[in-house]
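Working notes for the structure below.
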Amino acid sequence: MTRYIFVTGGVVSSLGKGIASASLAAILEARGLKVTMLKLDPYINVDPGTMSPFQHGEVFVTHDGAETDLDLGHYERFIRTTMTQNNNFTTGRIYEHVLRKERRGDYLGATIQVIPHITDEIKRRIIKGAGDADVALVEIGGTVGDIESQPFLEAIRQLRVEVGSKRAMLMHLTLVPYIATAGETKTKPTQHSVKELRSIGLQPDVLICRSDHPVDASSRRKIALFTNVEERAVISLEDVDTIYKIPGVLHAQGLDDFVVERFGLQCNGADLSEWDKVVDAKLNPEHEVTIAMVGKYMELLDAYKSLIEAMSHAGITNRTKVNLRYIDSEDIENQGTSLLEGADAILVPGGFGLRGVEGKITAVQYARENKVPYLGICLGMQVAVIEFARNVMGWKDANSTEFDRNSGHPVVGLITEWADATGAVETRDEASDLGGTMRLGAQDCQLAAGSKVHDCYGKDVITERHRHRYEVNNNLLPQLVDAGLVVSGRSEDGALVEVVESKDHPWFVACQFHPEFTSTPRDGHPLFSGFVKAALAQKNKA
């Protein structure tokens, strides 16, 4: 039977519930337990797919094609369980499902209410998402006291009663601020946060005390006394220089022992040697490179969370400190390519819309003409094709129909038909809704022997995740290939271009898929590892 650890946050947002939850999950997995994780988001959007990156950050795409919260990326980087559409749901998704059932008459004319209908649907999805895991960690987004979170908190209160205390526990993250002028930490915010939880029938079993200073033993004793939590379950979690230290920090304080004993689980001790190696490689690099990352959402770097982590993983794999130079593509439009000078490689990530695209195209041209290693992802591949068409082919009006529907040379256009991961045919047109209408999820890709990308993966066929609705225009592709554009990756049916390279360039690879979604700190990712190696070669050459 599955045991549940419900994770809530108090006092302020952005305390790191996702990282703390994933770190505990990693320790439990290291003890031989089967672990999964869920994220419950209180916002009313059906999913984050149409939300602004400036508001929500990255949209993480699962293997089965769900557009989900970026915390699922943390989950997959810390544990080896692959997330699915069942591991993340929102208030909007819950209400959509309940209202659809009401319209069908499934409730037999009953008055639909938050309790029991909404809370029952939340509980049903938690149980379904947990599956057959030994332990499921369920993170509730937002902060205790938010009106949006109330149905979720009520649902977990009910579920705790239904499954019993031997199968459910509550872990609460809270802020313990350090007052520099007084030279001490303050426990009052934590006391009030727990008081808020207890007022709705939820008693925490574990408190994770976030602070920029260690929470000393006397403060932990005081917190335990006022919150009715065992002193050994009051955990100090201060800021660290790498998040991959956190499993070790929690393990050193006995959190996993407490959980295992509380649930009555029989399992081995935790082997965290893999995490020790990750931390050692991260903190003791032997090399250093600078990579210019040219994007359009630089005001909120969470928009590129998985990509930034993937570059860190590539650094770990190569024992290299990767310095990312964040450059807004609009700044290149206004200030020119001087912003790129001195970079050992250039990375252009995905994005949507016209703003900043010309700056990205200029960055591609700089990389191609100056033989600087280049990696383009999603839109980064599309702008690479546009740049090639304009500056090698001489098609000065070349563009994507996303940006110019009247382009005389639309080298990138809307995908109107493709097969999804199950083999079912998907069709789209310009009038399709924005939400949930992209080519999403894992797709097989055939790689050309002898190509740079094949050298990285060492395979003929790979599987990577996608999130796009535009592709290279096959009608103009033969002319691009004749001029020297190398198509080194195609969809399984050969219909869609997945990877392009530049002939006569030391390392120029652009892919339509998002390899960052499958990169992990323990295993890295072959494409990013190859990119960092190319950057090292470029630096050594200089």
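Numbering starts at 1 and runs along the chain as displayed.
Keep in mind that glycine also has a Cβ here, set from the backbone N, Cα and C atoms.
According to Swiss-Prot, the features are:
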| type | residues | note |
| --- | --- | --- |
| BINDING | Ser13, Asp146, Ile147, Glu148, Lys186, Thr187, Lys188, Pro189, Thr190, Gln191, Lys222 | CTP binding site |
| BINDING | Ser13, Lys186, Thr187, Lys188, Pro189, Thr190, Gln191, Lys222 | UTP binding site |
| BINDING | Ser14, Leu15, Gly16, Lys17, Gly18, Ile19, Asp71 | ATP binding site |
| BINDING | Asp71, Glu139 | Mg(2+) binding site |
| BINDING | Gly351, Leu379, Gly380, Met381, Gln382, Glu402, Arg469 | L-glutamine binding site |
| DOMAIN | 290-541 | domain 'Glutamine amidotransferase type-1' |
| REGION | 1-265 | region 'Amidoligase domain' |
Overall pLDDT for the domain 'Glutamine amidotransferase type-1' (290-541), taken as the rounded mean: 93
Here the 10 Å Cβ neighbour count for Gln382 (L-glutamine binding site) comes out at 30
From the binding-site residues Ser14, Glu139, Gln382, Glu402, Arg469, pick the residue whose C-alpha lies nearest to the C-alpha of Thr190 (CTP binding site). Ser14
Out of Ser13, Glu139, Thr187, Glu402, which of these binding-site residues is nearest Asp71 (ATP binding site) by C-alpha distance? Glu139
Near Lys222 (CTP binding site), which residues of its own chain have a C-beta under 8 A away, given they sit six or more steps off in sequence? Thr187
What is the interatomic distance between the Cα atoms of Gly18 (ATP binding site) and Ile147 (CTP binding site), given in whole Å? 21
Grab the L-glutamine binding residues from the record (Gly351, Leu379, Gly380, Met381, Gln382, Glu402, Arg469) and give me their largest CA-CA distance in Å. 14
If you count other C-beta atoms within 10 angstroms, which of the binding-site residues Gly16, Pro189, Gly351, Gly380 is the most crowded? Gly380
Which of the three DSSP-derived classes (helix, strand, coil) applies to Ser13 (CTP binding site)? coil
Report the nearest neighbour of Gln382 (L-glutamine binding site) in space among the binding-site residues Ser14, Leu15, Glu139, Lys188, Pro189, comparing Cα positions. Ser14
For Glu139 (Mg(2+) binding site), what residues in its own chain, 6 or more apart in sequence, show a Cβ-Cβ distance under 8 Å? Val7, Lys17, Gly18, Ser21, Met37, Leu38, Lys39, Leu40, Asp71
I want to verify one value. Collapsing DSSP to three states, which class is Gly380 (L-glutamine binding site)? helix
If I take the alpha carbons of Gln191 (UTP binding site) and Met381 (L-glutamine binding site), what is the distance between them in whole Å? 51
Between the binding-site residues Ile19, Leu379, the one whose Cβ has the fewest other Cβ atoms within 10 Å is Ile19
Among Ser14, Thr187 [binding-site residues], residue with fewest other Cβ within 10 Å: Ser14
In whole Å, note down how far the CA of Ile147 (CTP binding site) lies from the CA of Gly380 (L-glutamine binding site). 40
